[in-house]
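Listed features, source Swiss-Prot:
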- R177: active site (ACT_SITE)
- S227: active site, proton donor (ACT_SITE)
- E297: active site (ACT_SITE)
- 33-198: domain 'FAD-binding PCMH-type' (DOMAIN)
Amino acid sequence: MNKFEDFAIKLREILDIEDIKIDEPMKEHTSFKVGGPVDILLTPKHFNQVVDVVKLCKKENIPYYIMGNGSNLLVKDGGIRGVMIKLVKLNKIQVKGNKIITESGVSLKDISTTALENCLTGFEFACGIPGSVGGAVTMNAGAYNGEISNVIESAKVICNSGEIIVLNREEMELGYRMSSILKNGYTILEVTFNLEKGNKENIMNRIEDLSRRRNEKQPLEYASAGSTFKRPQGHFAAKLIEDSGLKGESVGDAQVSEKHSGFIINKGNATAKDILTLISIVQDRVRQNFDIDLYTEVRIIGED
């Protein structure tokens with residue numbers, strides 16, 4: 001029995017977590033559909049289980065990682081040594097007046113739907129973002145001139161000591177695809193959004209318009225992690241990539257989408273190595289042509 005199998009037994013016995021998998025292929029848990037096995041993947045149902053797992057990992061010196069639904073995650077082919085804590089079962093959501101209070105595993109689509117049902121406006125921009133709340137807040141996700149920082153009020157997080165604290169919007173230091181939560185390695189448990197009362201028909205029309213635009217412009221028929229690169233200041237990554245002659249460029253089954261050059265897609269059987277090689281080709285070509293560095297928006301973890 002290796003140390004991770006022994007640790008999995010401790011998790012089951014001490015923390016009463018039933019959903020624990022050993023050597024679980026991460027390609028089954030990411031939207032890119034690639035990635036080697038993680039030593040332990042567990043899916044807690046409650047805040048206190050997440051807190052207890054984090055504390056136990058720290059005590060036993062076991063590396064741990066946090067994920068939602070894996071829509072912005074690229075796991076390398078060698079997999080992950082340690083524990084992956086998947087938060088998708090933290091999925092409670094409630095409405096109090098103009099506020100939506102949601103656990104970190106709730107999808108942005110479900111929040112958009114809840115807002116619509118309660119005639120709350122401000123969250124329409126996120127209707128097509130495939131991620132869950134925790135990752136979206138951590139990265140200050142955005143689309144169509146909206147972003148999380150415009151609608152968030154507070155977040156309940158686990159800080160590095162294992163203590164649960166509440167951060168207000170200013171303390172989160174939300175910028176373009178960044179936050180103090182990301183910088184400090186905090187884990188989000190719950191988020192409160194503050195929206196405005198609106199007209200249900202107008203909200204629905206806005207959601208339908210954004211969904212139509214997204215379907216027309218993005219390669220949703222293929223596995224991907226959404227926009228692969230962050231937007232360089234004063235430029236658009238997709239235009240730089242296309243102007244570098246890279247639309248349709250492929251490595252194995254990884255391809256710069258012919259529909260939207262800002263997306264690298266998996267056409268079926270790509271490996272993480274294929275995707276990472278293609279990312280490097282894109283970065284090198286754009287740097288050579290425009291003297292601009294492209295940085296990945298997708299989170300890359302694991303071993304080669």
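Every residue gets a Cβ built from N, Cα and C, even glycine.
Annotated features, which come from Swiss-Prot, shown on the structure.
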{"residue": "R177", "record": "active site", "DSSP (3 states)": "coil"}
{"residue": "S227", "record": "active site, proton donor", "DSSP (3 states)": "strand"}
{"residue": "E297", "record": "active site", "DSSP (3 states)": "coil"}
Distance, S227 (active site, proton donor) to E297 (active site) (CA atoms, angstrom): 7
To the nearest Å, how far is the Cα of R177 (active site) from the Cα of S227 (active site, proton donor)? 12
What is the number of other Cβ atoms found within 10 Å of the Cβ of E297 (active site)? 18
Starting from the Cβ of S227 (active site, proton donor), draw a 10 Å sphere and report how many other Cβ atoms land inside it. 20
Row R177 (active site), column other C-beta within 10 angstroms, all chains, value 18
